[in-house]
Amino acid sequence: MQTYLLSQQFNTRPLAENSTACSVNATICNGTSCVLPEDNFNETLSIILSTVLTIMLALVMFSMGCNVELKKFLSHIKRPWGIFVGFLCQFGIMPLTGFLLSLVFNVLPIQAVVVLIMGCCPGGSSSNIIAYWVDGDMDLSVSMTTCSTLFAMGMMPLCLFLYTKMWTDSNAIVLPYDSIGISLVALVIPVSFGMYVNHRWPSKAKLILKIGSIVGAILIVLIAVVGGILYRGSWVISPKLWIIGTIFPAAGYSLGFVLARIAGLPWHRCRTVSLETGMQNTQLCSTIVQLSFTPEQLELMFTFPLIYSIFQVLFALLILTGYHFYRRHRVKTKTDVEKTEEKEDSKSVSSHAKINGGFVSNETK
């Protein structure tokens, strides 16, 4: 389906020359607000960048797979408590949060639907990259992303049916099962190769992982910047969607962490579940929106997936920064305590030596 961009066209020529302020090739015109078809340059740029980003993402997921051990990965599948908690967060907390935010802010029905679509999407691959940087459980992270993408085949239609029926007919929403399948394949194949490399050549896998983690961090920022450039004409939308786009990912991160902790998961897995909950597959959401709505409707909410994407990255970076600050402070404090204990031990040994005529046993050295 052709992508449309909302832009403001202001014509400074006299009205005698042009009775309308919109461009002659405008598809929809309402005063000075026009919807223009995407130009060839933007379309070509979009295809090229999408191809490059897809290849880069596959390479990054390959590197992330180099940190996944097959035995630990299978243990999460055989004892899926962590995956089950993530499932509750992904398809329980997120759709319900989107539903409540839509009610609280009283957005338009079509805007409520796009918020709910975002909440029903599976986790995105970016969560695996951030999970690595916050010392999360990579085996759990990859298994959660894989399972949530697989479960999305059935859970997305069910959640959309339950939550959107007060605003629209759920049959009007087109779910691109092919895109979901492609996302699953693009995740499983590179990670599988990475797991094989980790099994056969552990030393090489560590080097690949370091390079891939840095490239992955750059890729997350690059995707957000590219999206902002390609769809810069679509930023004029309701302020309510901006507010929801800010609150939604923050709520996902927070509630995911709390539920994981209540479920008794250790801290590193709580961080993993938190990231898997808040980070959604925004590209899939954009695809569903473009397939399901008319250009007039897209004008009201097309940019919301991009807004969510930007804020989910910003909050993830805040989590990353806060974690490393905490870890550095904790290690520093722990080191200071150990040094103090060593000084006290040396003082006790010295006093013991004085009492015993300067003799120090081998056990205390």
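Cβ atoms here come from the backbone N, Cα and C positions, even for glycine.
If you look up TrEMBL, you'll see 336-347 marked as compositional bias 'Basic and acidic residues'. Annotated region 'Disordered' per TrEMBL: 336-365, in sequence order. For 45-63, 83-105, 112-134, 140-163, 175-196, 208-230, 242-263, 306-326, the entry in TrEMBL reads transmembrane segment.
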If we call contact 3 or more Cβ pairs under 8 Å (sequence gap 6 or more), are the transmembrane segment (306-326) and the transmembrane segment (112-134) touching?
yes
Can we call the transmembrane segment (242-263) and the transmembrane segment (83-105) in contact, meaning three or more C-beta pairs below 8 angstroms at a sequence separation of 6+?
yes
With the transmembrane segment (175-196) as the reference, which stretch in 83-105, 112-134, 140-163 has the largest tally of C-beta pairs below 8 Å?
140-163
Same-chain residues at least 6 beyond the ends of the transmembrane segment (140-163) whose Cβ lies under 8 Å from its Cβ atoms:
64-65, 68, 73, 76-77, 80, 82-83, 86-87, 90-91, 95-96, 98-99, 116-117, 119-125, 127-128, 131-132, 170, 173, 175, 177, 180, 183-184, 187-188, 191, 269, 272-273, 275-276, 281
